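K.L.:
Let me give you the structure first, and then I'll get to my questions.
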Amino acid sequence: MSKTVRVAVTGAGGQVSYAMLARLASGEVFGDDTKVILHLLEIPKKPDWTPPNPTARQPLDIAEGNAMELLDCGFPTLLDVVVTDDANKAFNGVNWALLVGAAPRGPGMERKDLLGLNGKIFVGQGKALAKNAASDVRILIVGNPCNTNCLVAYHNGKEIPADRWHAMTRLDHNRAVSALAVKAGVPNAAVTSVTIWGNHSNTQFPDFTNAKINGKPATEVITDRAWLETTYVPQCQNRGAAIIKARGLSSALSAANGAIDHVKSFVRGTPAGDWTSAAVVSKGEYGVPAGLVFGYPVTIDKSSNWKIIDGLSFDAFGKAAFQKTLTELLEEKDAVKDLLPG
Ligand code: NAD
Ligand code: LMR
């Protein structure tokens, strides 16, 4: 008998969602034997809205158009698409919630500059998830700054167990794998054991010190340590800004791909002998204060049970990088303290 999975996507009229929705509906993520019902959430229409240009549309109208396109794909796996501006309806009975809806940054901004604007979205959405979602719900926060938005949502939706709340560092993980593969002249699949520690921000630590290339320490394959420290790490940390500079818009295709990869890993498990990166609610692992949403290396089994890889060690460079991203996340937590119920 086939299963049915309900998946909420917020910001469904935005560019990341547009690159993601068909892949969620198609069977690629949940399998050909699972039917998908998509719940698309957008902000309510503004009655006094004036289009800034003749082709501009309100986000809810765009989400309706996206729903039409999804139906027009004729996916055997897609059972229904619900479009709404009501978070309670969007999260009703959902097994997965992908929280993309939030403003993106523009040129010259850091992601944490969005906290004031976006943080409060996740108070109401955390509460609405706790009230309406299925008992097995898993949540991925994509909207930036995603670690701290996840912290806000988790604190406001604490009826949902802590292990279900994730923020997305998978895009950074994929970037970090690809940059090592390009430098070493090997396929992406040859690069394993990469971790994005900490924040999805320019303080993240893309850990080359524990990474492997064709099973050997990456530092034995790429022996130019100066390149690793002063080119590779900043390239990974600032890749989002480089995309914004090039496109005039933040990443969408690769961001959607990161979200799809994240969900796939949590549905199907990680490959034997490797792990992935995800920001999860810390229980104190690696000395991170419990409750902070921190990027870790995780393995996932085929039943969606996950655990943090333990026992990795850092050299002096790694220790300093780890501390820097931890300090930033503590500062972000302090900045949203008014959004965290006591
Ligand atoms: P976008 O502006 O194209 O779309 C965002 C959409 O969210 C808009 O349609 C907007 O109306 C909607 N929205 C805003 N508030 C909402 C709410 N309360 N409920 C439902 N919908 C709401 O932006 P985008 O390029 O799709 O990016 C979306 C977010 O994802 C941004 O915050 C961006 O920075 C972030 N992002 C994160 C990563 C990551 O790796 N974690 C990668 C790329 C983008
Ligand atoms: C990214 O990493 O591409 C996204 O978080 C968008 C951004 O603001 O950089």
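Heads up, residue numbers simply count up from 1 along the chain you see.
Backbone N, Cα and C atoms are what each Cβ position is placed from, and that goes for glycine too.
Note that TrEMBL annotation is computational and uncurated.
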K.L.:
Looking at NAD(+) binding as recorded in TrEMBL, which candidate out of N118, N132 goes with G11, A12, G13, G14, Q15, V16, S17, Q125, V142, G143, N144?
P.N.:
N118
K.L.:
State the Cα to Cα distance, in Å, between G11 (NAD(+) binding site) and R175 (substrate binding site), rounded to an integer.
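P.N.:
On Cα coordinates alone, these residues lie 24 Å apart.
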K.L.:
Please check the binding-site residues S17, R105, Q125 against ligand 2 and give me the ones with CB under 6 A, sequence order.
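P.N.:
The ones that qualify, in sequence order, are R105.
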K.L.:
Can you tell me the three-state DSSP label for R175 (substrate binding site)?
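P.N.:
It is helical.
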K.L.:
With every protein chain in view, how many other Cβ atoms are within 10 Å of the Cβ of N144 (substrate binding site)?
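P.N.:
Neighbour count, Cβ to Cβ under the 10 Å cut-off: 29.
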K.L.:
Within 10 Å of each Cβ, count the other Cβ atoms and name the one among the recorded positions R105, R111, R175, H200 with the highest count.
P.N.:
H200
